[in-house]
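Here the structure comes first, spelled out in structure tokens, and everything after it is commentary.
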Amino acid sequence: MAMALAPAPRIRVDSDLKTLARRFWKVAAPYWWSEDKVQARLRLAAVFALTLATTGISVGFNFLGRDFYNALADKDQEQFTKQLLYYLGGFAVGIPFFVLRDYARETLSLRWRSWMTSYYMKRYFKNRTFYKIQSQSIIDNPDQRINDDLSAFTGTALAFSLTFFNAAVDLISFSNILYGIYPPLFIVLIVYSLGGTGISIFLGKNLVNLNFMQEKKEADFRYGLVRVRENAESIAFYGGEENELQLLLDRFRRAFENLSELLIASRNLEFFTNGYRYLIQILPAAVVAPMYFSGKIEFGVINQSVSAFNHILSDFSLIVFQFQSISAFSAVIDRLGEFDDLLDGNDSSLLSKSDSIDGINIIFKSTGLSVLSSNGSLPQSDPCVVLEIRNLTLLTPRSGNILITDLTMELKEKDHLLVMGPSGSGKTSLLRALAGLWTSGTGDVIYHVRGSMELQTSNSGPDEPSDMQSNGEELLQSSKQRRDNGIFFVPQRPYMVLGTLRQQLLYPTWIEDVYHSPNNDPQSTDPLTFLSEVSTSDGVGSKSEMPTTDELIRVLEVVKLGYILPRFDGLDSMHDWASVLSLGEQQRLAFARLLLAKPTLVLLDESTSALDDTNEAHLYSQIEAAGITYISIGHRKTLHKFHNKVLYISKSDSTDSVPRNWDLKPTDQMPIEESSSFAS
């Protein structure tokens, strides 16, 4: 069983402004035309309206400040008291607008993030993209991009949008004030802001790439810590603490070194921006002071000019003041844009070397009589046949090495096939091909499905077209489709879901029913309906009614796991099941899932490797008694008696055409010496 590896590092290429703009629009735009667009646009309009109100309040405070300081300079106590009351009244009226603006912005950001999280996760799981990303090491840390980067993107995008909008309104509002006071001061402001922007861009040009790499290195370090937690027992058995410590410290050192470079670049930029920021406190007063000394303006006008100057300069100097935030945001756009391109299938790394020979077709063929073929006759399908493999040549996805050549066979009901061969010969790869995970190669894998395909595709939505063909055949579209058509897979190390023991048993056949059960939250009035839509594939096929509690308890007894119920306080207790159950117990739990699901065909990948001979024989007898046809991969000689056919695969690493490297025969015709060689 192959262990998932951390993604290999990819060469980082800086994105130009055009690419950043394209990626920003591609990531940001879908929400505003989604099913939530009405709420989104109304809330955005409210935020902009509140922003306009706060700008108007700021202009009002500018004039209040002028009159307040004029009264103070004139020593006019009556006028001073009057202006002070105006000021306090302005605070009482204005402050709620600022608070409501920020609250409206944050709630819109949260709603946007919620929709985008759902949107990206559906695409991440659709068509097994998550599997391709991990198995081909295409990009680093997709989990961080969904969790951290989406949160940063929505919050920052909204904040920057409002900042630019506010800057434009501010610029219009305060430019008239400043230009009316002293036109040369307006010219000084433009020259000062443009010069500051140019210098900031020059000093901070490396920050985008450094921020991008920091995100990656921090995520790599976190990924290493998670692996230690998930593989704690294996590490402890190996005594690999020192090795893991060294690996983690090495990853942290890389993050530290990059962060040190980032801090140096930020320090150099801060030298300039701090000087730029503090100089503006005296610059406008210094420019208009001669007019005050000559008696052309009042003292309050100096305060008004300083206030207007700072407002406008902040608008012109957004790049100067926000350069570090902009560079960090650019890195987020880059990471999300790269991820988005990948989910859309536009990333060149999705196109592996073998894409041109992805020709293995997974076909479901109905054994019912309600679908006519293209010539008007009923399709001929032997009701006893469960699986057909026609001229299957299987290659590795990237290197294109030939694993199996021209395999042709069929499996009927109550036929049980044992797949054997030396390590690396392609036994598990054959199961991947049968499951539709690997399509590199040529040939057809045909599953003969009970009932009518016409009925089974009736659950597809209007926007989810099926690949139904006129001869009663349908191409594989999703893992759910395979499962709903009675094909089940049990790996060597079963997957333990995050949830209760009940959910472990119901996974994956009825897990959606559990999450959608009204008993989970009878009072739920969640307005975010898009967070409840978990389907990522065409709804095909049908399944039996969800098992009752008594049936769940009974199946645990059948697989000899009844003792775990009192041990873990019943079916609805929550634990880290991958840690608290031994591998043997996990394998028996996987057989319990299998017996509950009652599939037509099950693919077993060394699924009893951690069990003793007695438990292994018991479980195989249970699935045979249930009338389930099975294909097993295994090395044990004890497996032979549970199968009536054996498929031998010999090892081949060639990329060129090779002669047939497999042999199919009844188990009772297998020579003893051949059995021993394959079992060793």
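Every residue, even glycine, has its Cβ placed from backbone N, Cα and C.
The feature compositional bias 'Polar residues' is assigned by TrEMBL to 521-539.
Annotation source TrEMBL lists domain 'ABC transmembrane type-1' at 45-328.
Residues annotated as domain 'ABC transporter' in TrEMBL: 387-676.
Per TrEMBL, the feature region 'Disordered' maps to 455-477 (among others).
As annotated by TrEMBL, region 'Disordered' applies to 521-546 (among others).
The region 'Disordered' annotation in TrEMBL covers 653-680 (among others).
With a threshold of 8 Å between CB atoms, the same-chain residues lying at least 6 positions outside the transmembrane segment (44-64) that come near it are 32, 83, 86-87, 90, 93-94, 97-98, 100-101, 104-105, 108, 158, 162, 165-166, 169-170, 173-174, 177, 304, 307-308, 311. For 44-64 (among others), the entry in TrEMBL reads transmembrane segment.
According to TrEMBL, the feature transmembrane segment maps to 84-104 (among others).
Residues or ranges marked as transmembrane segment in TrEMBL: 150-169 (among others).
The transmembrane segment annotation in TrEMBL covers 181-203 (among others).
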Spatial neighbours of the transmembrane segment (84-104) far in sequence, C-beta under 8 Å, 6+ residues away: 43, 46-47, 50-51, 53-54, 57, 60-61, 64, 67-68
Close approaches to the transmembrane segment (150-169) from elsewhere in its chain (Cβ under 8 angstroms; 6 or more beyond its ends): 24, 27-28, 47-48, 51-52, 54-55, 105-106, 108-110, 112-113, 116-117, 120, 314-315, 318, 322, 325-326, 328-329, 332-333, 336
Integer mean pLDDT for the domain 'ABC transporter' (387-676): 79
